[in-house]
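See below for the structure under consideration.
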């Protein structure tokens, strides 16, 4: 019975008194540093303008060649400075540093600085930042596309992204904190908030969690979102990620905290409550009646998407009494030829839809479209005609899949598609009661869930009627006088309404 | 973490091991109409028509009849299983019909099984058959043109006009209620059709063998409660008839609380003339005269109907219950004794209004 | 020695309304009509009001006790009776709460066994529900209050279904009013006690309310709302069933759901019973939370652990009651106990507590 016993792996004892060098650790002396640099073929080091003069070294792949030629080499050749301090004066670039600290030198060089030394081997270096960053043009948002409204989306450069937000919020209170995350990637992560509106507790919580992160490479903001989530085992995303700078700017002025990560075209917004995942930014661009209507439709779509197949399984498997009379013949006829029990039928179809989606997502757009058509029409029709699945269920599953894509935030639509499966299994076990039990489990999870310490189900629970104005429905802007209570903003009033004129009498 | 996992695995195993019995739709035979007949020697013959699904995309529903003779009502289902290919369930039962002979012996036992069964709905229609219930069940199995259950549709449709609402709940309501008696539709087989013959009268759970004819169902409903719809034909004189379409009819009971109880029923009916012969409807005076005539006819017929109830000692109008609600310290035993001899007066007020798009 | 909950574990005062209302509206509502109509017949709706008003008085008394020190019943008992006797009384209180929990759980399972799955293996379902309850209670009081609130939100629309039976109503069933002796009406009011049981938990969650003095008003609202719901349910059942018919209907409200015929779902009782899970789970959670909290306060036992033990006890007890008769029995026992606790124990506690308070104040 050693079945459950853990096999103890024998780990060789570490050699004492000898620190193991980690990747990214600074070199021990200058020689070694240059040796490390020179191991890469793209590292250049040469004497300029003449033998015995300055030693100029840089990684040619990350510096901007134009700048190096015109603003450094040309200046050094023409002005002929004799010391590093003189050189620093004549080179027309900001943020130059003279340092002997190996760590600083290494970091600067790796971030595109040109190292200028007076003579080779001397530890004193002038570091001239001269980075060339390749970046994409600002383009149209893809996952959060809107028909009306701004068409800018974040790109992979932190500076551009901050620029996109700053130009929308030209106040000095918009503050930015920068933390480097990742031992190897050294990813710059910016935390943006408006001082005086955003609650400091929220800001501090974000800063603290990010600075406590311990990981080697941060490739995207999604890494951060998962790592600093309140409950990392939850299927529900606890930060909204958006690619729209207008959305980021507008939530900043509500008192939220925005996290931007260098190299990621998505901003994270927190604290988030579940209602916001179903609100598109386009809702603010439309008339409030229409926006409210759309939000309710989305909410209904989500419920339908999660529940419909499990309801089908529950009713067909256990509660034949509950089927509406006029629907009964249709259902019996469509189920008659199907060789599988309802649960298997549903799992097969749900699986097929997931397959199609996954295949479509991994392929280039044009091929993806073909997959959609082939899957949707050919496989669907064939499956029904072969009597493999019933056409009623096919319709339900297709509708449910469609409904799950109505959510404006991509992360939550994945969650919705995933949580369908526990519901399906519960429906097979206990019918409608099983669906209710499963829903209760999710309710208990959602009630416990917080986002940056703020309740996730707000404004439903804790019930805050004043926050309902912009959650499941959106009331007109004139009613949005106060910022959401949930965020505990330091300045609650958004605008002071002017004295409303008395309603005029008819024909006055 | 491992502890949690073990708990989870155990609970999963237990769950899959001890499931609930499933009722997968297409693996069931759904009974639609069940009939009960007396079969002599304390035996009953039960028969039921079930919908049978045929696979295929545009398949029609077939129907089959199962029948068996047993001693108790529920038992017959078990007996039929011997010939059924799938499990026979009653959760979609739409109507239960009772043969005349059985209904006269009392049907409570065969209603009670349905009352107790949680799978049975409360909108289940009950009816008495003039003849054998099995005949109705057999005809039902031949009506395949529409997927609906014919017996149920028939009763439901007629409940709009000349039949009172009678389902399992109302039967139980009147059966259990003191000083009131249930009624049921009386069906009859006519060649390959089913016809509503009238309203069967019950004393408790026993059919007394008398019924109100279909045409007079209108009159019964006038007394039974407030209602709309329905057409009644009034004979004005020899060869002169008038058809009244009911727009709304309301009824009020007044029971005298004196030592000598007496009941007064007053009916207000508002109707429109559908068809009348040799009468000029434009004159107000003519209409008033028609109203008076109609009132007379209604009063006469209604009085006759109530008299008939009293003579047979049945109380489908729940006169006794109405007395209870109007008399404090009501003595229901005493009421039983005096019910047949209580003087009942009926007042009818008819108002004819113009309807239609031309004058 | 007094453990006061942290500020961020508390809920707003108005949750007293939801908590008290939810606790009273358990499984009883699904079939209480038959029981209360036993004596006063169709005058029993008066008994609902009378019973309800008397509970208002008891609730008022409870808040008088609670407002004095602002602490829960464990401290109150210790203050009044001393450490040892107080502790014993608290143990009895814990047992009473557990009995409430067992009754609710077992009765709900009974409903499922009778109405939905006749061949159900009750043990398995109980374990599943036990896990569910654990998952809620582990989140603490705020989560349970949320469950109570969401439970009300989900189950309240079921009240609209009363529209269907009203179409076949016989309003004359209610006439003549006051046709029964005062004694009968009071006896019916006594049987109504079982349905009002549950508000006693306010003795446990009182310290968890922000501004508890404001909460008193909300608690009364919650109770009044319970009276209203019971009244509506009883009246609808009374006009829908004839008297003897009601006597034969064990679960009158469930029978009413049978006739609900919506275009997308027939025979609503299956949906209704499933949805009622949200009406039952918060009660069990709140009961278990209160019991485990009391154990923590009394024995300084970690609540996380005591919860598991108490849950096991509740499940074991529920499994012990197997037949219909036994389920009726625990309902009767709870009804009796509830009656004595409500109308005798709480007033006595009030008097004793006030006296002890006065005496202790004079001799500091």
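Any Cβ shown, glycine's included, is placed from N, Cα and C.
Not measured: the values here are computed from a predicted model.
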> What range among A:323-347, A:423-447, A:448-472 does TrEMBL record as transmembrane segment?
Replying inline: A:423-447
> Are the transmembrane segment (A:392-411) and the transmembrane segment (A:423-447) close, by which I mean at least 3 Cβ pairs under 8 Å that are 6+ residues apart in sequence?
Replying inline: no
>> Should anything in the same chain at least six residues away from the transmembrane segment (A:423-447) have a Cβ under 8 Å from its Cβ atoms, list it; otherwise answer none.
In response: 234, 236, 274, 306-307, 309-311, 313-315, 317-319, 322, 342-343, 346-347, 350, 456-457, 461
> What parts of the chain pack near the region 'Disordered' (A:482-508), using Cβ distances under 8 Å and only residues at least 6 beyond its ends?
Replying inline: 196-202, 253-256, 271, 273, 454-455, 458-459, 464, 466-467, 470
>> Give me the DSSP three-state residue breakdown of the compositional bias 'Basic and acidic residues' (A:488-508), ordered helix, strand, coil.
In response: 0 helix, 1 strand, 20 coil
